[in-house]
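Engineer: From TrEMBL, for reference:
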- 7-28: transmembrane segment (TRANSMEM)
- 40-59: transmembrane segment (TRANSMEM)
- 66-85: transmembrane segment (TRANSMEM)
- 91-110: transmembrane segment (TRANSMEM)
- 122-147: transmembrane segment (TRANSMEM)
Amino acid sequence: MIKPGHILAAAFMAAVVVLSNILVQYPVEATVGRLQLADLLTWGAFTYPFAFFVSDLTNRRYGPRVARLVVLVGFVCAVIVSFKLATPRLAIASGTAYLVGQLLDISLFARLRRQAWWRAPLAASVVGSVIDTAIFFTLAFAPLAAFLGPNDAFALESAPLLGVLSIAGARWMSWALGDLTVKLCAALLLLAPYRALMRFVLAFPEPQRSPA
């Protein structure tokens, strides 16, 4: 049975996904020390982590089954928006990374939900973010994924990592490191609102075990 909370969670997820796909077109025009953020980040990097936040709260309140349905709603939105705003290769990379990362987040959260309150959301978001980032940037820019579409010559150019290190690598590697850094910081920072909302978002009841 569909509940109002299910619809609300799906709406939040859809909003996060659509907004992130729009904001990914806009670089962050700022400088931090020697770092030129416009060369590393888009505003989408700051909104996308909320997808993990929404799925974790949904998982806590309604359990993994409903959380997966909410993620599927976001996946449909991601595919539609990505194919309208980006190349097919980027759209495939985005949709695949989102789906795998979110489903992994849900599975890990469910395994850790009975431990310390912070462990499930933090571990699930961190692991999900790492996998999400690795899949997206590999499929979108790595030469080995050229079967999905033409390579981006600019992304493959060699440049100092993060624009400042002595070690060089393809530009897309710096983009991936910058994106992952934001996601990991967000995973830590979002623990505060998660903790604050725990009193309102009641935990999904654990199934009762039959006596031996």
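Backbone N, Cα and C atoms are what each Cβ position is placed from, and that goes for glycine too.
Note that TrEMBL annotation is computational and uncurated.
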Engineer: Quickly jot the same-chain residues contacting the transmembrane segment (66-85) by Cβ under 8 Å, restricted to those at least six beyond its ends, or write none.
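Structural biologist: Sequence-distant neighbours of the transmembrane segment (66-85): 6, 9-10, 13-14, 16-18, 21-22, 25, 51, 54-55, 58-59, 91, 94-95, 98-99, 102-103, 106, 109.
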Engineer: By Cβ distance under 8 Å, which residues at least 6 away from the ends of the transmembrane segment (40-59) in the same chain are close to it?
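Structural biologist: Apart from its flanks, the transmembrane segment (40-59) reaches 9, 12-13, 16-17, 19-28, 66-67, 70-71, 74, 98, 101-102, 105-106, 109-110, 113, 120-121, 124-125, 128-129, 162-163, 174-175, 177-179, 182-183, 186-187, 190, 193-194, 197, 201, 204.
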